[in-house]
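Now, the feature entries from Swiss-Prot:
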BINDING   Cys63, Cys66, Cys69, Cys112  [4Fe-4S] cluster 1 binding site
BINDING   Cys73, Cys102, Cys105, Cys108  [4Fe-4S] cluster 2 binding site
DOMAIN    54-83  domain '4Fe-4S ferredoxin-type 1'
DOMAIN    93-122  domain '4Fe-4S ferredoxin-type 2'
Amino acid sequence: MTAIQHFFKTFFLTELLKGLALTGRYTFKRKFTVQFPEEKTPISPRFRGLHALRRYENGEERCIACKLCEAVCPALAITIESETRADNTRRTTRYDIDLTKCIFCGFCEESCPVDSIVETQILEYHGEKRGDLYFTKEMLLAVGDRYEKDIAAAKAADAPYR
C-alpha cells in the first residue's frame, strides 16, 4: 500500500464507515430473542448436560471400575475408588464428579466401554453452595434411574454415528 492510499484511508475514515455500514445493516433486521425461562429453544440430540450413571435391566450398575473416564478427563473432575468382589469383578465404591471442574467435553462418555457414564440433556440444575455441584455415586445413579428412558432413546438415536 502506498503512502497516498494510506493517507486517504486514514483521512476519510473508510474502516470506520465500513463498520458503521455493517451496524446499520443489522439495525433494521428482525430480532431473534428468546425469553428463556418461559420459552425454550430446541436442544441438540448430542447436547452434553448433567452426568448420570446407568444400570443394567437387572438393576446392577454398569460401571466396571476400569477408570478410563478418570484417566481421560482433562479437568480431573472424576474420582473413582473400586474394590474386587467375590466373583473377581470390580465395582466402584466411590464415583464422584465435581461439576465445578467439569468442562462437559464428553470424553468420559466416549471412553466408557459399557456406556455407564452418560451426559444427559438436562441443562437446568443449580447449586446454592459449591458443594451442591459435587455429585456422588448415589446422586449420579439417581439421575440415571430417573431419566433412563430418555437416555436410552438418545443412545439409540445416536447409535448410527458411534
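FYI, residue positions are counted from 1 along the chain as it appears here.
Just so you know, glycine gets a Cβ as well, placed from its N, Cα and C.
Of all the binding-site residues listed here (Cys102, Cys105, Cys108), Cys108 has the Cα closest to the Cα of Cys66 ([4Fe-4S] cluster 1 binding site).
Same-chain residues that are not part of Cys63, Cys66, Cys69, Cys112 yet have a Cβ within 8 Å of the Cβ center of the [4Fe-4S] cluster 1 site turn out to be Ile64, Ala65, Lys67, Leu68, Glu70, Ile80, Cys108, Ser111, Pro113, Val114, Ser116, Ile117. The Cβ of Cys105 ([4Fe-4S] cluster 2 binding site) lies under 8 Å from the Cβ of Arg48, Pro74, Ala75, each of which sits 6+ residues away along the same chain. In this structure, Cys66 is the one among the binding-site residues Cys66, Cys69, Cys102, Cys108 with the smallest number of other Cβ atoms inside 10 Å of its Cβ. Listed in sequence order, Cys102, Phe107, Cys108 are the same-chain residues six or more apart from Cys73 ([4Fe-4S] cluster 2 binding site) with CB atoms under 8 A from its CB.
Less than 8 angstroms from the CB of Cys112 ([4Fe-4S] cluster 1 binding site) sit Leu68, Cys69, Val118, each of them six or more residues away in the same chain.
Taking a C-beta cut-off of under 8 Å and a sequence gap of six or more, Cys63 ([4Fe-4S] cluster 1 binding site) has these contacts in its own chain: Leu53, Arg91, Thr92, Tyr95, Val114, Ser116, Ile117. Under the DSSP three-state reduction, Cys69 ([4Fe-4S] cluster 1 binding site) is assigned to helix. In the three-state DSSP scheme, Cys108 ([4Fe-4S] cluster 2 binding site) is classed as helix.
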